Every structure is written in structure tokens, then in C-alpha cells.
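These notes are about the structure you will find just below.
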Amino acid sequence: MQSTDLKRLLIPSLLGLAIVTGSAQAAAPLRPPQGYYAPVDKFKSGDNSEGCDAMPAPYTGALQFRSKYEGSDKARATLNVQSEQAFRDTTADITKIERGTSKRVMQFMRDGRPEQLDCTLAWLSAWAQADALMSKDFNHTGKSMRKWALGSMASAYLRLKFSDSHPLATHQEQAQKIEAWFSKMADQVVSDWDNLPLDKTNNHSYWAAWSVMATAVATNRRDLFDWAVKEYKVGANQVDADGFLPNELKRQQRALAYHNYALPPLAMIASFAQVNGVDLRQENHEALKRLGERVLAGVKDPDTFEKKNGKQQDMTDLKVDSKFAWLEPYCSLYTCAPETLERKHKMQPFKTFRLGGDLTKVYDPAHEKGS
């Protein structure tokens, strides 16, 4: 048989194989990184749990909040103490459910007390029932709170949903109600943040994409997954050849802090994409790696940022270990230098409610130091 004849025979079958393989991958349920499958550490009994705090009232009002940078110029870098306090007061219940969900899930995954799980699900179910955080009446700070809250709650929930201990098996009705609410909120977050002009696309868009990625996996929605990946690529392509983000450089004395703040959502999205067969590490010539290295170098020598934008950098935020929680997913994607790993181990465990709790437990359990 001539090779051309053989090719004619093979091409349709190879095409068929490619189509089958592609559709099988597309049909595979979305999943989180392996650490989310961890079982509950131990199931304790007795009444040593801390009880269930009073539930924060479901927030169903307009998402119109004052910005902590109110009155600041375009750089949005000068804190307004009065408006920050007003913001904290009006968003207190939202922050309480974010922090409370993260805390209770961590406690339950450690102690396995049914009361901890019941408390978490009761809070989330009540907010879902009330259709909280879904107002179409919002300003920029309001839509920012919506995506932060969704990311916090959905990413903590993932540990319950995927744990090999299957804690949600006997709570299916509540789980469905909560997931339907997350799903609806993610649709609104996409609407809030989709297709912004590039000069308006910054860390907020990356955090929005993270909340949508966490929800995509919690609800197995490929359309949400694809949107989060799309937004990641926009962000990665904003990183310049030297690892700077031009829109974050505009933040003057807080430029380095905001570069660091842009990293957690990007690293988490790349990590989640990776386990679902989408490798984002190479996007824009390893943009994520370049950004991480630029920030770590900047922490060591902030002058690199001062030379870039002419402003001495405010290092306050960069003295907080949890602000470097992005190192967990980042060092699972790239081979981190020994010096970086040493820094990571000194700062562990990384607990941050906006990423769903204890990331060290998820990504580097060998270095988990307990709670």
C-alpha cells in the first residue's frame, strides 16, 4: 500500500481520535488541586467546639459603599481614615461571613465536629435563601465587595465539597441551594467585570476572575472556567518584560504592595487551570513567574520600584506574612529558588480568608504547623 493511501486511511481515524480525546477532556468534571481532597484530620466529639456565633444578617441592600481612598487623586494611594471606617461599618456583615466561613471550614477540617459544619452551612444557606449580595444597584466598591465575598466563600466551600471525607453527603439540599447562589453570583461578577478597557483592568479584575474560577470548580461550570482563564490571559499580558504591571505602577507609594496584591488571584487561577489540563505558565513568556520574581526582588530592594515610578514605597503591607500566600500555588507551578522556599517555610502556615483559608494545608501539608 502506498504511503499516500495509508495517510488517507489514517487521517480520518486520527481526526476522530482527536475529537474524542478533546471532547472527553471537555466533558471531564472540573476539579481543584489535589490538596482540596484531603480528609478531615480527625473527628472529635464532645462539646469543646466554640459554638456557632450569631449569624451576620444577609446583606440584601444596595452595594453602594464608600471607598477607603475617597478624595485621593487618580493614583488611589492615599488612605481616607473616615471613609475607610464608614466602609468597614457598612460592610461588617459581609466581612463576617467571609471570615467566619473560612474559619469554620478550617476548624471542621481539623476537628470534624458536626456543629462546625452545621454552623457554616446554616450561614451560607441563609444568605443563599435571601439572595444576598445580588443587588444590581452598585458602585465600584460595591461590585468589588461582591467578588471578594464570592471568592472567599466559594474557595472555602471547595474544601468541603471535594474532601475525601464527603462531609456534604448528608447535606445535599443545603449544598444545592448554596451552589445555585454561588453560580448566580458568579454570573453577576462576570457581568460586572467583563471586557473592561485595558487601562481599567487591574488587580480587581484578577480577583474577580479568581472568584469565578473557584465557583466554576464548585459548580462544575466550564463557561465560568473559560472566562476566568480569559481574564488571566489579559492580566498576564499586562506584565511587561521586566515583570512590572503598568496599572499597578500608577499606585505611587503603594505600587509594590499592589503588585504583590495582584499575585494571589493570578497564581490560584493558574494552579486551578493546570489541574484541569490548561497550562497557563507560559502565557506571555512566563509572565506570572516574572511578576513573582519582580515582587520578591522588590521586597528585598524597594528601590527598583522607586526608580520605576519615582515614589518611595510604603512597605507596611509587605511586613504581613499572609500577604505572601501566593507563594503556595506559585511554588507548585514553578521550581522556586532555595532562598524563596526558605522564605516561604519561615512564613508558613499561610492563612488568608480571601483564598479560602489555610493554603499551606492545601499545597504544602508537610510544612503545616497546626492551627
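The backbone N, Cα and C atoms fix where each Cβ goes, and this holds for glycine too.
Residues or ranges marked as substrate binding site in Swiss-Prot (evidence: sequence analysis): Ser67, Lys68, His140, Thr141, Tyr258. Annotation comment: Swiss-Prot describes 1-26 as signal peptide.
Other Cβ atoms within 10 Å of the Cβ of Tyr258 (substrate binding site) number 20 in total over all chains.
Ranked by Cβ neighbours within 10 A across all protein chains shown, the binding-site residues Lys68, His140 are led by Lys68. Its own atom aside, the Cβ of Thr141 (substrate binding site) has 19 Cβ atoms within 10 angstroms in the protein chains shown. DSSP gives Ser67 (substrate binding site) a coil state; it is part of no helix or strand.
When every Cα pair among Ser67, Lys68, His140, Thr141, Tyr258 is compared, the largest distance found for this substrate site is 17 Å.
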